Amino acid sequence: MDFLMSKHEADAPHLLIVEARFYDDLADALLDGAKAALDEAGATYDVVTVPGALEIPATISFALDGADNGGTEYDGFVALGTVIRGETYHFDIVSNESCRALTDLSVEESIAIGNGILTVENEEQAWVRARREDKDKGGFAARAALTMIGLRKKFGA
């Protein structure tokens, strides 16, 4: 399995898409929307895959640490994944903690993150949100990250 795919051109915003592949087909749809939005905007990106939504914030933190040590610097991040409610409390933990950790990272590190982690009751709701022809939440998250990159630059952060 390739854990890093790259599309990179000079002088364009460069983002890291971190996708949780717990539900492969839904992950494909979210990623398709995010990549299309970034391509349309002329942005470049790398894609890394993680097992689930809880691993997304840590991966972004790894990327930030790597940049501090001479690795790739990213202008922003796109978090993609799907959490579907089951019969246990696990849904609430994953939904709340992944969102909280992304918010903490964005505020504490002053970074642009587009949150495209779907938190839904069932697979039908997930598909409506993931498909580009419906709500296109992958594309929405990518556009949100680009907007936040612009605001960060505007304020000189």
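Each Cβ is built from the backbone N, Cα and C atoms, and glycine gets one as well.
Annotated features in Swiss-Prot:
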- His90: active site, proton donor (ACT_SITE)
- Phe22, Ala53, Leu54, Glu55, Thr82, Val83, Ile84, Asn115: 5-amino-6-(D-ribitylamino)uracil binding site (BINDING)
- Glu87, Thr88, Arg129: (2S)-2-hydroxy-3-oxobutyl phosphate binding site (BINDING)
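Known features from Swiss-Prot, placed on the structure.
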residue	record	contacts (Cβ under 8 Å, 6+ apart)
Phe22	5-amino-6-(D-ribitylamino)uracil binding site	Pro51, Gly52, Ala53, Gly81, Thr82, Val83
Leu54	5-amino-6-(D-ribitylamino)uracil binding site	Val94, Glu97, Ser98, Ala101
Glu55	5-amino-6-(D-ribitylamino)uracil binding site	Ala20
Glu87	(2S)-2-hydroxy-3-oxobutyl phosphate binding site	none
His90	active site, proton donor	none
Asn115	5-amino-6-(D-ribitylamino)uracil binding site	Ala79, Cys99, Leu102, Ala141, Ala144
Arg129	(2S)-2-hydroxy-3-oxobutyl phosphate binding site	Leu118, Val120, Lys135, Lys137
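Val83 (5-amino-6-(D-ribitylamino)uracil binding site): 25 other CB atoms within 10 A of its CB, across all protein chains.
Note: Ile84 (5-amino-6-(D-ribitylamino)uracil binding site) has non-local neighbours Tyr23, Phe91, Val120, Glu121, Asn122, Glu123, Ala126, i.e. same-chain residues 6+ apart with C-beta under 8 A of its own C-beta. For the recorded site, Glu87 ((2S)-2-hydroxy-3-oxobutyl phosphate binding site), the DSSP three-state label reads coil. Among the record's 5-amino-6-(D-ribitylamino)uracil binders, Phe22, Ala53, Leu54, Glu55, Thr82, Val83, Ile84, Asn115, no two C-alpha atoms are more than 16 Å apart, and one pair sits at exactly that spread. Taking all protein chains in view, 28 other C-beta atoms sit within 10 angstroms of the C-beta of Thr82 (5-amino-6-(D-ribitylamino)uracil binding site). As a whole number, the greatest separation of Cα atoms within the (2S)-2-hydroxy-3-oxobutyl phosphate-binding residue list Glu87, Thr88, Arg129 is 23 Å.
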